[in-house]
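Everything on this sheet refers to the single structure shown next.
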Amino acid sequence: MGNFAANEGLSIFVILVWLGINAFLFVHFYMAFLVERWFYTRVLLGHALSWARAPAACLNFNCMLILLPVCRNLLSFLRGSIQYCSRTAARQLDRNITFHKLVAYMIAFHTAVHIVAHLFNFEYFMDAQLNRNSSFLPYILSEIGNGDNASYLNPIRTNETNPTIVMFTTIAGLTGVAITLALILIITSSMEVIRRSYFEVFWYTHHLFIIFFIGLVFHGYGRIVRGQTPTSLNASDPKACADQFENWGNNGSNCAVPVFAGNPPMTWKWVVGPMILYVCERLVRLYRSHQKVVITKVVMHPSKTLELQMKKKGFHMEVGQYVFIQCPSVSRLEWHPFTLTSAPEEDYFSAHIRIVGDWTEALYQACGGDKNETQEAWKLPKMAIDGPFGTASEDVFRYEVVMLVGAGIGVTPFASILKSVWYKRIQNNQEVFTKKIYFYWLCPETQAFEWFADLLQSLEGQMTEKDMADFLSYNIYLTRWKEAEAAHFRVQHEAEKDPITGLKQKTHYGKPNWDNEFANIASKHPGTKVGVFLCGPLRWGNLLKNSLCLTPRPTSSSSSTRRTFKRDVQKTLQVMY
């Protein structure tokens, strides 16, 4: 429970505060349109008025927030400032995309409520014009302003039209349609299946947010929803005059014809600040995109995995961070995120890119991956780098015993971590307490990550040379390997090296028994605090957490092994494009 509070407590608190503000705004503005100023408006529209205005207020609030989580340079600055006070708080900023999605869902919800309420409102406005009965108060209210059209209440000024025509001939209607269409396209193209298979569709469609915000700012300029002015309220109290509407404005009557006006547009006040911040964010990205990046080495790994080793003036990274990469010769607009696989101690930074889509295929060809001859340096494409981003995974260095679990593509960040730990170890870095690493690699098949097996082979050789072979223990599990295929390799089990990976450590088939693994590590390191780090799908995180809770602790307090679970929240899913 303590670890859960430490890892998730701040996130839950932020979500609860955000939900609370949404609830407050909805209730507050719902009640705000039940006052006397809106009495005559409610005569026409009923409670549909409040049902339209309350979600509009929530939309303003959430549209103010939606751009902030994607201002990655701003978040990087905040992360660097906050982590000096609290690394846990800084790590929460790495969940920016999750919060961005939650805000988007809230915008979609309130937009739906707002639209449905206004559909009823327009029908009510139309009914008031069609029911031409002078003894009918809604009709009298609809006729106000017909002379000079300066103080009308009903925006539908004639009974010879329909709500559809009004929708496409008013500022509110046109901008509302544009906003809704943009939002539908943005949300539907953000579905995981589309984002992974057709990233370009997701990327370009997401830039409809420009139309969305322009429409949002101008949506209220038509002032369709109108209420009685304060001066008119003093001259014509609705409670006293509503029943005397036939005598409004007559001599001897104490009730003047009510005067109506719309509220001034307010949305721009909510969103102008974030919009300015986002423009600054894009200017920073533009500046960074013109900084020179030199490709020092291109490595073509098996299974079409491209390794780019690069240098950039002033570039400083930490383990577990990621960058956005742009190749102008492929696309001047697309930026793709990739986890850094180099260590801070190396004189370059690198990324391993699997060729699985149109953009990566084009990059692969631009780097000469489809050619047999060596590519000359001047023929390599120009690159642009934005970053690095993400909270550094330096917590790994704070434990004497570390258990690293990489599932599938989640193995990528551990390339940087393993190399950095090894460099610090051989350099006798006093800030590193790590004395033993248990590394678990779970993957459906090894071909896609043969480059990582090469890294393990290199580390294995270096540790043997330094007589530190016990520093790293690793276990590779093929989770989808067919038994018939596995049996073919079992006959070679006695060989010095594994026939699949070429490593000394033999490959396992199936899934690990975490209860046994935790019990085994606990027995080997009594009295030691073990840090457990996972980078991979959420289901593996749940399995590890459950096993940690169920693993029995030794009865002797002096020999107990404390385990701290941390789920690495880097942008693991983003490196799969």
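Glycine residues also receive a Cβ, built from the backbone N, Cα and C atoms like all the rest.
Record features (TrEMBL):
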TRANSMEM  12-31  transmembrane segment
TRANSMEM  51-71  transmembrane segment
TRANSMEM  102-120  transmembrane segment
TRANSMEM  165-189  transmembrane segment
TRANSMEM  201-221  transmembrane segment
DOMAIN    282-395  domain 'FAD-binding FR-type'
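Most Cβ pairs under 8 A with the transmembrane segment (12-31) among the ranges 51-71, 102-120, 165-189, 201-221 are made by 51-71.
Mapped onto DSSP classes, the domain 'FAD-binding FR-type' (282-395) shows 22 helix, 39 strand, 53 coil. Non-local neighbours of the transmembrane segment (102-120) in the same chain are 15, 18, 22, 45, 48-49, 51-52, 55-56, 58-59, 62-63, 65-66, 69, 163, 176, 179-180, 183, 186-187, 190; each lies 6+ residues outside the stretch with a CB under 8 Å from one of its CB atoms. Averaged across the domain 'FAD-binding FR-type' (282-395), the predicted model reaches a pLDDT of 84.
Cβ atoms under 8 Å from those of the transmembrane segment (165-189) belong to residues 104, 107-108, 111, 115, 118, 122, 155-156, 195, 201-202, 205-206, 208-209, 211-212, 215-216, 218-222, 224 of the same chain, restricted to positions at least 6 beyond its ends.
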